């Protein structure tokens, strides 16, 4: 029994040690667009950013399934209720849920396998503004960008007010949505991939689209880099 207690205590101390060593991150979200955006983050909320303004968020260690995006064409009242043309999150300035397509996404998970952060830019929900997602500390230097003018080049059938839809949003078929978990690239995903090779162009585009940095790295997300 004493041996079991010792092992249990050791396990708890080890878990506590790992938890103590894991550090969250600081994200500097910057608007370089020549127009106002309403930055959104889950977790984090939301903030209006005029050109040149920034917003700092501090997600905790172990945060996963998180994303940052820009909303455009928004109007909010004094209570923070309104609507956005792209990226709207249930009509709230302070987002509590993911945004409506089309919107360019910065996605991340902190302190995961081997205490690595995983991050990506995704066009699986379409595109609304150009984006950079880059580490700013920790000796990690590989940043990623999607800077093509996709809205102007968007195929007619994918066009939306203020953005360019992913085909899943428009056609809602397994070929494009990958509901079965078994799908490959399509002509539409190649359209996105050739213009933004660092970004996810369809749900299974993992091999060339997921990047890592050591846990505790800080990052910047730039709209219109």
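Every residue gets a Cβ built from N, Cα and C, even glycine.
As the structure is a computational prediction, the values presented were derived from the model and not from experiment.
The following features are taken from Swiss-Prot:
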type	residues	note
DISULFID	33-224	disulfide bond
DISULFID	74-84	disulfide bond
DISULFID	89-95	disulfide bond
DISULFID	140-213	disulfide bond
DISULFID	146-196	disulfide bond
DISULFID	154-164	disulfide bond
DISULFID	168-177	disulfide bond
DISULFID	178-183	disulfide bond
SIGNAL	1-24	signal peptide
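Taking the features listed in Swiss-Prot, we show where each one sits on the structure.
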residue	record	Cβ within 10 Å
33	disulfide bond	19
74	disulfide bond	20
89	disulfide bond	22
140	disulfide bond	20
154	disulfide bond	19
177	disulfide bond	17
178	disulfide bond	17
183	disulfide bond	19
196	disulfide bond	24
224	disulfide bond	17
Checklist outcome for this item: residue 95 (disulfide bond) and residue 140 (disulfide bond), compared by Cα position, are separated in whole Å by 29
Item to check | Rounded distance in angstrom between the Cα atoms of residue 168 (disulfide bond) and residue 84 (disulfide bond) | outcome: 21
Checklist entry - What is the number of other Cβ atoms found within 10 Å of the Cβ of residue 95 (disulfide bond)? => result 25
Checklist entry - Can you tell me how far the Cα of residue 140 (disulfide bond) sits from the Cα of residue 146 (disulfide bond), in Å? => result 19
Next on the checklist: Taking only C-alpha atoms and a 10 A limit, tell me which of 33, 164, 183 are near residue 177 (disulfide bond). These are the disulfide-bonded residues.
Outcome noted: 183
Next on the checklist: I'd like to confirm something. Which of the disulfide-bonded residues, 74, 183, 196, has a Cα closest to the Cα of residue 154 (disulfide bond)?
Outcome noted: 196
Next on the checklist: If I restrict to non-local contacts, at least six residues apart, and a C-beta distance under 8 angstroms, what lies near residue 164 (disulfide bond) in its own chain?
Outcome noted: 102, 126, 127, 128, 150, 151, 154, 155, 158
Item to check | Between residue 33 (disulfide bond) and residue 183 (disulfide bond), the C-alpha gap once rounded to whole angstrom | outcome: 35
Checklist outcome for this item: Quick note, residue 213 (disulfide bond) and residue 146 (disulfide bond): C-alpha atoms separated, nearest Å, by 19
Next on the checklist: Roughly how many Å lie between the Cα atoms of residue 196 (disulfide bond) and residue 183 (disulfide bond), rounded to a whole value?
Outcome noted: 20
Checklist entry - Among the disulfide-bonded residues 89, 146, 178, 183, 224, which ones place their C-alpha within 10 angstroms of the C-alpha of residue 74 (disulfide bond)? => result none
Item to check | Residues that sit under 8 angstroms from residue 84 (disulfide bond) by C-beta distance, when 6+ apart in the chain | outcome: 38, 71, 72, 73, 74, 99
Item to check | Other C-beta atoms that fall within 10 angstroms of the C-beta of residue 146 (disulfide bond) | outcome: 25
